[in-house]
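S.K.: Please read through the structure below; I'll follow up with questions.
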Amino acid sequence: MRIDVITLFPEMFGVVRDLGVTGRAHAQGLWSLHAWNPRDFTTDVHRTVDDRPYGGGPGMVMMAAPLEAAVKAAQAARAAQHLPPAPVALLSPVGRRYDQGAAQQLASSDGLVLICGRYEGLDQRFIDRCVTLEISLGDFVLSGGEIAALAVIDAAVRLLPGALGDGDSALQDSFNDTLSGLLDSPHYTRPEVYEDQAVPAELLSGHHARIARWRRDQSLRLTLARRPELIDRARTQGWLSYADECVLAELQGVVAPPDPRKKRRRKPAA
C-alpha cells in the first residue's frame, strides 16, 4: 500500500513513518509514504500557495495550481511503480465519516492520495478537477488536514497483514465484524489487585468459554451504554445470538425474548 500526502508540513508525517506499529510496518515494507509539498510546485520567488478569497471574507484560500501539480506528480510517481491511479481524498469536515469499514477498505487497496488543506479552505476548482472523495473524522474543525490524515493512515496500516505482532489483535478491535461491530471489552494486566481493585474473577478462571462469555457480556454492556445504535446495527445484521439478547434484556430490565431453538408445541386438535 502506497500513501501519498499533499501537505505544507511534510515533517509531521515522520510520526507514522518512523514510530510505533506504523513505523515498524513501514520498515518492513508493508506500506510506503511519500509527502509532497505544494510549495515545491510554485513558480514565484516567494513560493506562494495561498491568496485572498474572491468576494471578500476572512482568511486565505489555497491556490489550485500548486495543489494540482503536486497531485499530478504523485500520480506520475505511482505510475512509475506500475500502480494504478489512486483515489484523491480531501480531509474535510463536509466529507464522509471515516470509520473502521473505510479503514479496512483502504488497507485492502493500493493506497490513495491524501490532500491536507490549510487556511480558510481550497479553491473549489481544484476540488472539482482532482478530488474524488472527501473524508471527515467527525463534526469538528482542525487547523489543517494533517492530524486527520495521520489518523486515516494509522487506522489502515494497523490492519495490514503482518503489521501487528499478534495477527488476532486487530480482530478484537472495537467495531470489527468479529465482535459483531460492537465495542471492545475492558482489559486488565498485572498486578492482580491495584488500589483495592481486583481483576474480575472470570479472567483468572482459566476457563476459556467462561472468559469469552464474560468479554462478550462486557462488550454488550459497554456498547449498549455508549453506542446503542451499534446494537441495533448488529441485530439488523443478525450478529446477535440468543444468549446476547438475553444479556441485553437483563441489562435493560425487560423480559428476555423466546428461545428460537425451542419449537412451540402445537395444540391438540379438538
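Our numbering is plain: 1 for the first residue shown, then up by one each step along the chain.
Placement of Cβ uses the backbone N, Cα and C atoms for every residue, glycine included.
Remember, predicted model here, so these are calculated numbers, not experimental data.
So Swiss-Prot lists the following for this protein:
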- Gly117, Leu137, Gly138, Asp139, Phe140, Val141, Leu142: S-adenosyl-L-methionine binding site (BINDING)
S.K.: Are there any residues in the same chain, six or more apart in sequence, whose C-beta is under 8 angstroms from the C-beta of Phe140 (S-adenosyl-L-methionine binding site), and if so which?
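M.R.: Looking at Cβ-Cβ distances below 8 Å from Phe140 (S-adenosyl-L-methionine binding site), excluding near sequence neighbours, one finds Pro93.
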S.K.: Measure from the Cβ of Val141 (S-adenosyl-L-methionine binding site) and count the other Cβ atoms within 10 Å, all protein chains considered.
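M.R.: A 10 Å sphere around the Cβ of Val141 (S-adenosyl-L-methionine binding site) contains 8 other Cβ atoms.
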S.K.: Across all chains shown, how many C-beta atoms besides its own are within 10 angstroms of the C-beta of Asp139 (S-adenosyl-L-methionine binding site)?
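M.R.: Step by step: centre on the Cβ of Asp139 (S-adenosyl-L-methionine binding site), count other Cβ atoms within 10 Å, giving 7.
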S.K.: Could you tell me which of these binding-site residues, Gly117, Gly138, has the greatest number of Cβ atoms within 10 Å of its own Cβ?
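M.R.: Neighbour-count leader: Gly117.
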S.K.: Just name the winner among Leu137, Leu142 (the binding-site residues) by count of other CB atoms within 10 A of its CB.
M.R.: Leu137
S.K.: What whole-number distance in angstrom separates the two most remote CA atoms of the S-adenosyl-L-methionine-binding residues Gly117, Leu137, Gly138, Asp139, Phe140, Val141, Leu142?
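M.R.: With Gly117, Leu137, Gly138, Asp139, Phe140, Val141, Leu142 as the binding residues for S-adenosyl-L-methionine, the largest Cα distance is 16 Å.
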